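Written out below as structure tokens is the structure these notes cover.
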Amino acid sequence: MSSNLFWLGCLLLTLAAYLLGDLLYQRSGRRLWLHPLATGSACIALGLWLAGVDYPQYRQASELFYLLLGLATVALAVPLHRELHQLKGLVMPVAITLVFGSAIACTTALVSAWLLGADADLLRALAPKSVTTPIALGLSQSLGANVSVTTGVVIYTGVFGALIASPVFRWAGLADPRLQGIVLGINAHGVGTARGFEISPVTGAFAGLGMGLTGAITALWLPYVIPWLI
């Protein structure tokens, strides 16, 4: 019975934190630094700390949400299929961008952290930072990294990437919604994809493409390269 109550408590905490975060986000005029993924995570962390519950316990009780997260990621194929005709003539440029983008996103984070004195454990946790959460958690576990750190880094990478995307697009003169979407998907994964749909359906669909393929490409090379480097 106590385990059922604990599961229910984690479920209610997660839902309440998200609803509160979404309320703040909507009331603020959709300011990205108040994205519910960031504020909701902070509320959950505070709730777990006050209750004396560690992350592995919460993760085990919240497995349903991780399942739904994976299903939501797969469901992004629907809007992408609707906009698939927009990919005409861009297959090779997009493929090259995704391969190099996934490598650069990982490498820049690792080199920056290493220069700042991060140890091997932290570097392993940072490696999947630009990959969507379901894939990032699997990669983190395969690398023997701290999954809690990876989760936090992935969330705030997405929020930061989505926050600076529009100013960067204006500065770079990047107006093509397809390319904007690819950039958002590679660098800001789920949050970037949500931001893409706020810009336009085409941007959101291509952000989903960038997010999904970046995750798949990274999953192919990261588990083999990182142990060799670190």
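Just so it is clear, glycine is given a Cβ too, placed from its N, Cα and C backbone atoms.
Predicted automatically and left uncurated, TrEMBL annotations should be read as such.
Keep in mind that this is a model prediction, so the values were computed, not measured.
As annotated by TrEMBL, transmembrane segment applies to 6-25, 32-52, 64-82, 94-116, 147-169, 205-226.
At the 8 Å Cβ threshold, with sequence separation of at least 6, the transmembrane segment (205-226) lacks contact with the transmembrane segment (6-25), having fewer than 3 such pairs.
The highest tally of CB pairs under 8 A with the transmembrane segment (6-25), across 32-52, 64-82, 94-116, 147-169, is held by 32-52.
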